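Working notes, structure below.
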Amino acid sequence: MRRLICKRICDYKSFDDEESVDGNRPSSAASAFKVPAPKTPGNPVSSARKPGSAGGPKVGGPSKEGGAGAVDEDDFIKAFTDVPSVQIYSSRELEETLNKIREILSDDKHDWDQRANALKKIRSLLVAGAAQYDCFFQHLRLLDGALKLSAKDLRSQVVREACITVAHLSTVLGNKFDHGAEAIVPTLFNLVPNSAKVMATSGCAAIRFIIRHTHVPRLIPLITSNCTSKSVPVRRRSFEFLDLLLQEWQTHSLERHAAVLVETIKKGIHDADAEARVEARKTYMGLRNHFPGEAETLYNSLEPSYQKSLQTYLKSSGSVASLPQSDRSSSSSQESLNRPFSSKWSTANPSTVAGRVSVGGSKANPLPGSLQRSRSDIDVNAAAGAKAHHAAGQAVRSGRLGAGALNPGSYASLEDTSDKMDGTASDDGRVRAKLSTPLVAVGNAKTDSRGRSRTKMVSQSQPGSRSGSPGRVLTTTALSTVSSGAQRVLVNSASAQKRSKIPRSQGCSREASPSRLSVARSSRIPRPSVSQGCSREASRESSRDTSPVRSFQPLGPGYGISQSSRLSSSVSAMRVLNTGSDVEEAVADALLLGDIRTKKKPARRRYESYGMHSDDDANSDASSACSERSYSSRNGSIPTYMRQTEDVAEVLNRCASSNWSERKEGLLGLQNLLKNQRTLSRIELKRLCEIFTRMFADPHGKVFSMFLETLVDFIQVHKDDLQDWLFVLLTQLLKKMGADLLGSVQAKVQKALDITRESFPNDLQFNILMRFTVDQTQTPSLKVKVAILKYIETLAKQMDPRDFTNSSETRLAVSRVITWTTEPKSSDVRKAAQSVLISLFELNTPEFTMLLGALPKTFQDGATKLLHNHLRNTGNGTQSSMGSPLTRPTPRSPANWSSPLTSPTNTSQNTLSPSAFDYDTENMNSEDIYSSLRGVTEAIQNFSFRSQEDMSEPVRRDPKKEDGDTICSGPGMSDPRAGGDAADGSQPALDNKASLLHSMPLHSSPRSRDYNPYNYSDSISPFNKSALKEAMFDDDADQFPDDLSLDHSDLVAELLKELSNHNERIEERKIALYELMKLTQEESFSVWDEHFKTILLLLLETLGDKEPTIRALALKVLKEILRHQPARFKNYAELTVMKTLEAHKDPHKEVVRSAEEAASVLATSISPEQCIKVLCPIIQTADYPINLAAIKMQTKVIERVSKETLNMLLPEIMPGLIQGYDNSESSVRKACVFCLVAVHAVIGDELKPHLSQLTGSKMKLLNLYIKRAQTGSAGADPTADVSGQS
């Protein structure tokens, strides 16, 4: 009778979760006020509300949602184009129209039909192609507030039009509508619970369109936050939208918010509203498609009743396969890396293996002879309740599931029970135990107040729960025995070292001591230790459990079963059963599984550093707040982050969590993975690097501190795979050194820097530091400057001389360091900068000397003065003769070098003695060093020639040559800059070097001393002029010596190839344009004959690039070509003029300024007649500002034309000027007046007949300007210099 009552109560309780399986749902407005029909416990089926009684459309479908006034997506699509047609003639007209629309929509005092028409006008503009204009997107951002106001309007028609307009914008613009969508979605959600059907359905339809077409991750939190709304209709719709989002979006768009999605769906499955639960279950399938691992973890974290409801829904929708299964490939690095939670039944041999009641299981094993561990990762009480629900009235008796009759992974097994349990054969054919029905009945004698069976082996304790009743332990049933000895489960030996997945006990759960082992103490079987999970080091609490059973050593694992599983099952049997043969046989079975005769030490657990070695903590003391079911519990449960698992994806998900404690746990798990030398795959590394990049800014102190510890291990294990991430790593650590951190945290940052310096190639670090030092996007604080400089200094001490490269970035960085030696705000920066210069000088003296020789004299003086002072302070010798031209080698140079190192020094002598270079590195005293430095100083001051190799460096970088630019350590190798090929350091090479240095007298070429930044724009990265202004460089554009003749054909081909990457590779194309600008000033006629047409067309095409700096640079290059080679434009004058004038309407001032400069040069480069014939039609037909630019250009052309030619062209010139004199733009009118003044200056009174159309006031004004020009009083007017020609 008791069983029948329990069954009825449980069925009544669980029926609510089984309804609405078909997915039908009422409309949002109606369901908000629906009163559920009463249910009678006696007959729950007859009284239940039918799920389809308030039918509605399926989620996300375009069908009508019922009711008068409702709109659907078909209505929206029709309304998109059902608008008045308009035409857009110019961007200015479009801007004016959008401004008017914004004005109307921003003021709710306007009539509602005007606001509705304004919204339609936006759609009209979209249909007319407004999205093709750049200005449209600028004004669209300004419309965000107006659209939000319209969506809040009290007029339903205005709201409807606003929703349609927003949907149309999303459809047309896609992800470009990200900002607008993010702003409008919260307002659209406010429409969902509106009682006016047209408003509610319009808002829902608009959200659907946005989800389908604007895939922006920032929308996900906006949707998930509404899944916990107090409004039931909003929650229902939110899960509907979430389902649509999971169907439509790509996985990469969801990855950032995977944890939020999982948590939201879990809350939805537990939602108080039945229909919201149905919608949440639908989203589970979408989640599984994107994140199978997270979906499986979510499923296993649900209570059995919710698992059953989810399973029932998935079955009804034909998606049983979407439930988690453990036979997925475990090789995937991110999705299924040996998942600890799997749901497949263990069926090694169906004829001999008995099943268990479980939602989770262990992996299937194809080898029937191997042992399989039992599973203990479920709440058996809950499982028994689920079993009672599925049994449909059958009482829970002694029984087992016929696992052999089920397919692997079949969830139908949860619904079946058998009526008896017979003997279970083991792998050697013996029957271990035979349990009868009366034994099981003991466990079913109690039900709780909610009618659920209390049959359980191990419950999942909640914080603060106490299971102190002595009878509680004694009510456990044979299910515990089923999982121990009576029902053996085979396991794969490959998973032998994995611990069982018993859910972690929480907080302060405790069971009173008297009942713990009240039955097991008289057993004749040796009792194993059961203190598993948390040692003293890892546990925060200690146990009061002092029972003798703790003194036993644990069983040695290693024979195919997890020790925690054996312990939990055998101890459960001892606790539950009376002393006798049943207990002994059950425990003996567990002992046989472990084979205690084996003395082999088990493999260490993955998280052993936390005291979690599988047999290290048998005697550990847990705290008084901790019981057998918490951290140090007898069931072997351990904290989540200490599980013996290889699921790296789970660890990474925790590291990426928004919850700080989960991030900390993830870092703990990651530390132990790394300390056990668990290497990560390429995909895992990429994801972890992204997570770590964000963690540099982690706001939680404990997480950041642990992150720094983990980072050290990460670098040590994966240093060979992290070179691509080194820039981020190094720069972020250096920035942190400048932050206000605790001393302990600062020490950890310093340790990470030390490990980084030791782990990566020195040359790579050096290049990154040089790049970071001159990065114009960074504004380092004084502390960061000190950190950078100290790191460079320390790095220089361990670098090999060949690691120091004289590249453009190095030159710029050294210049920056020299400026830091005079930092007025910090003496620490000054000292650190001085130390860096000295370290670099000592690292590679010849190369550093060459570098200083390329810098302006100001920098040379500062550096050499510093080096003199340093040597004067450190040396005890006196200054030697200036005629001793010893050059100083690097102190750390290899001792077996056979050829000398020479620096580009120039001495007061005309010849260099070979003996002067025969020295021993170790025997150089401070006097020699000082003498060497004096020679270096003189060389720098007299240095007026760069080696041809150095000169050609910015033009074409040869990797082989670049490698050779530094000092070589092999025998017979000399500094390539020392003249070359001498393998034995012979006199000819040195004489060649000396003659090279003396080939030009001091200042023989004025340009030889000028520093040109373009010469050093090599392949590392570009540097703009602002970078050089800070270093006070000479910014002339002078180039190489005139006698430098190089074949640039290959280079031009490479540049053209790079420039053809339109809208891509912005930085690389900047470099290419700078290089091209240099080439324009060289007289390489053969190159220009071959490539001019291609260069011109590419430049003109680049004027349409999306990057404004690229457009501006292209105009500057065009200007340089016009200035140096104007004759080549004869056949391309019209095209060039048109493109240059069109650039004047660019929205960026920098581009317009460059266009004005190019037009000015163009006016003086092309023949006047040709130029005027091109300009006249443009002046008459073009709009502002193109016509203004054309008039100004024509004015410049007229100034250089002869009187006869101008008289001939006057009939073509005057109509445009007369027309422009009437223009609505005052600037155009003014430009026409100046142009007429210029014409008058050339031809005089012959102009008057052509002015007959002008009114008296205009003639009067024109005469006034003409008189001013003639008297020279025009001042700054462009006609002021015309008076001499009149």
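For all residues, glycine too, the Cβ spot is worked out from N, Cα and C.
Swiss-Prot annotations:
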- 1-40: region 'Golgi localization' (REGION)
- 17-67: region 'Disordered' (REGION)
- 320-374: region 'Disordered' (REGION)
- 411-473: region 'Disordered' (REGION)
- 450-565: region 'Interaction with microtubules, MAPRE1 and MAPRE3' (REGION)
- 493-564: region 'Disordered' (REGION)
- 605-638: region 'Disordered' (REGION)
- 642-873: region 'TOG 2' (REGION)
- 864-1286: region 'Interaction with RSN and localization to the Golgi and kinetochores' (REGION)
- 870-920: region 'Disordered' (REGION)
- 944-989: region 'Disordered' (REGION)
- 1009-1286: region 'Required for cortical localization' (REGION)
- 179-214: repeat 'HEAT 1' (REPEAT)
- 215-251: repeat 'HEAT 2' (REPEAT)
- 1090-1127: repeat 'HEAT 7' (REPEAT)
- 1208-1245: repeat 'HEAT 8' (REPEAT)
- 523-526: motif 'SXIP motif 2' (MOTIF)
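For the repeat 'HEAT 7' (1090-1127), same-chain residues at least 6 beyond its ends with a Cβ under 8 Å from one of its own Cβ atoms are 1049, 1052-1053, 1056, 1059-1060, 1062-1063, 1066, 1069-1070, 1073-1074, 1076-1077, 1080-1081, 1135-1136, 1139-1140, 1142-1143, 1146, 1148, 1150-1151, 1153-1155, 1157-1158, 1161-1162, 1165-1166. For the repeat 'HEAT 7' (1090-1127), residue counts in helix, strand and coil come to 32 helix, 0 strand, 6 coil, using DSSP. Each residue in the repeat 'HEAT 2' (215-251) gets a DSSP state, and the totals come to 26 helix, 0 strand, 11 coil. Counting residue by residue with DSSP, the repeat 'HEAT 1' (179-214) contains 30 helix, 0 strand, 6 coil. The predicted model assigns the region 'Required for cortical localization' (1009-1286) a mean pLDDT of 76.
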